[in-house]
Amino acid sequence: MRRFGRPIGNADSLAFMHYHNTKERKEFELAGHPTNYFYGTSQDQGIQVAKVGFYSVENSTNHRTEKYEQVTIHKNPVFRRSNSFFMVVEAGNRPLDLHKDDVRLIFEFGSFASVPKGTKVIVPVTNKSRLDNSHDQWDVLIHREAGPSTILHVQIGSNAAVGLWKCKIESVVKSDPYQSKSLHICQRPLFIIFNPYSPNDSTYYPNQGELEEYIQSDSGKIWKGSYKQYNGRHWLYGQFEDFVLPACCYILDKSGLKQGERSNPVRVARAISAMVNSVDDNGVLEGKWSVPYDQGTAPWDWNNSAKIIEQYMNQNGSPVKYGQCWVFSAVTVTICRALGLPCRSISNFVSAHDTNHSLTIDKYFNEDGDELSAEDNPEFGYDSIWNFHVWNDIWMARPDLPSGYGGWQAIDSTPQEASDNAYQCGPASVEAVRRGEIGLGYDVPFLFSEVNADICHFVEDKTSPWGFKRAKLNKYHVGRLILTKAVGYLDEEGEKDAEDITWQYKNPEGTIDERLAVFNAVRGVEKTKRFYEIPTKEQEDVHMELVDLEIERYGSPFKARVTLENRSNQDRTLKAMLSCSSIFYTGVTANPIKKSQGEFVLGPRQKDTLALTVYPVDYMGRLVDYCMMKIYTLINVKETNQTWSEEDDFVLEKPKLKITVLNRLQMGRSGQIQVSFMNPLEVPLTQCRITLDGSGAFDEVKHQLGDIPAMGRCLHTLVVRPKKLGSGALVATFASEEMIDVYGSCKLEVFH
């Protein structure tokens, strides 16, 4: 096991101290100081415990925890609550005799365990024949006795706190209870996690087969890009690696969540959403949305959230640099699945960020069509539209809400807006979001806006009392597509494993149910009502349409077009602007690239097209991060004062890495893996680097490459030495000075 330093501000965390134990214990603990304590002077001091075993490997099958390396490597028990396990107690002086002995198991959670708070449980060992049928309470019975060894069958209560528990065994002789007490403290901790397999657990997931995805799968896909050109990034979650579960317990220790609340998945999920980001609590990951990233790792260079968690622990609980929304989401998946919370990553394309709680996204433009920034005009607010945003769904009952709002709950670990004075979001019932029930906790209004807000465009107007007029109210652009990975299917070559779950978050656009959900939400927001009561009074007889761009490839030219049709019998004078700019995925404009504007006359019944051609020489050197671009057009008709605006975001498509395993990979032997792709640019790629990760099967491989010629092919072979058997995923990433965020994946098999 890896060795870590002490935490910042939480040196008493049992989970953190667990990292210091790098020695693999045997299945049985040896008794001895300070394990056993004896009290009193009676000649018969009761049973003296010599060994305790938790049958960690054997119990793991029933608990579906057999993949955890805490079990397979370190023989530490990982148990799901609302389930039972077997343990063996071996006495060193004489066999246990319930006619003579009173024996109690004591389970303690946290530094200040308390029976009233449910963090201390005292269970007497009896001769009962069966465990409590309700599964709600802790219970124990004798399963079998064999000489000095007694095998106990222990049931964990369905409301047990999640994390590291300690076990003690206390015994007294009935005839002399005050002078014969002994106490054995088990040195091996117990990890207790949620149990979505049990109907008695509040995280119970009824479709057990789908838990192979939402609990057991240690890799998956996260979608980025635009709703027209989305692409799945293969990600390694690694929730079963040996350091992850103790780290998750430490993260919860550090969150400040009360120990008695660690049994409540609602409170645990909310704490996770706060602790994955570093704002206000020194959480796992520091966010950064623009260059430079040289003080850490660029967000696109990550492909394994277990690596992030490991680095966090190696840094004594100091935040890892850097993450963006999909990285926050990936780390959240790892933590949730490790703790037994069914979890999936959610990608929302055209995602609204409503900062003023109006349930609308307000954008302001000057007469020339340039968007007015909030930094220069703070009175306009800081609303924005992200090309995509990634958060998480977790599954649980919601007894704190009215009936019908359990199931999938959204949590968002990306720090956007404070909630209860902390950067956390959720859990928000997805059903409440769909219905527009913004009064239900937690943070439903924010999630509702992300998927269903209406967009208002305001353009400068000197005749308006407040200086602007509304040019557009777009009811259908936000939340265009919401994706998650399909259960049980992985498409290494394409996007067939993307599951459209838009319908779970919102009713179909334009339907009565969808508008009713919006109005249901809006009725509680006074400042928003005016946007839904303003009729469009202008005469609108010129039809305008911004033509959606098809797939445009990085390094190629493209053309933006607006079609026009004068449907009147008179001339119409149009003042038009058509522009292209690079944008961050958060919707913020990065660099203007090209712009065309002018005034012209469109004759009666005439049709025409505005066009703007953008060449690679125009945009090379002006793109940021993920090659995202925005086309924006603003047109005003002089005779009628009709004003129209539209925008279209798209992504320039990059090549994918092709990964080829050149020979059969065998544990302990060197193998070769080839990575290749074509440079799509008419300039060489410089400062090239490639990273290969294999689901923990081998150590991460990083190579620096020579320059790749313009329009040339990259063909590079890496040598790996697998250290673990089984199947998984190979994920490679490539970056250079001219092109970043290039990746690919394939299936991994390691044999004897």
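We count from 1, first residue shown onward.
Yeah, the Cβs are placed from backbone N, Cα and C, and that goes for glycine too.
Copied over from TrEMBL:
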DOMAIN    317-415  domain 'Transglutaminase-like'
ACT_SITE  CYS325  active site
ACT_SITE  HIS389  active site
ACT_SITE  ASP412  active site
BINDING   ASN452, ASP454, GLU509, GLU514  Ca(2+) binding site
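Considering only the active-site residues CYS325, HIS389, ASP412, the residue whose Cα is spatially closest to the Cα of GLU509 (Ca(2+) binding site) is HIS389.
Neighbour counts of Cβ atoms within 10 Å were compared for the recorded positions ASP412, GLU514, and the top value is held by ASP412. When the C-alpha distances from HIS389 (active site) to the recorded positions CYS325, ASN452, ASP454, GLU514 are tabulated, the minimum falls on CYS325. A gap of 9 Å separates the Cα atoms of ASP412 (active site) and CYS325 (active site). For CYS325 (active site), the same-chain residues lying six or more positions away in sequence with a CB closer than 8 A to its CB are TRP386, PHE388, HIS389, VAL390, TRP391, THR414. If you draw a 10 Å sphere around the CB of HIS389 (active site), it holds 26 other CB atoms from the protein chains shown. Summarising the environment of GLU509 (Ca(2+) binding site), the number of other Cβ atoms within 10 Å of its Cβ, over all protein chains shown, is 15. A simple way to gauge crowding: the CB of ASN452 (Ca(2+) binding site) has 24 other CB atoms within 10 angstroms, across all the protein chains here. Mean predicted confidence for the domain 'Transglutaminase-like' (317-415): the pLDDT average there is 91.
Taking H, G and I as helix, E and B as strand and the rest as coil, DSSP gives the domain 'Transglutaminase-like' (317-415) the counts 17 helix, 40 strand, 42 coil. Following the DSSP three-state reduction, the secondary structure of GLU514 (Ca(2+) binding site) is helix.
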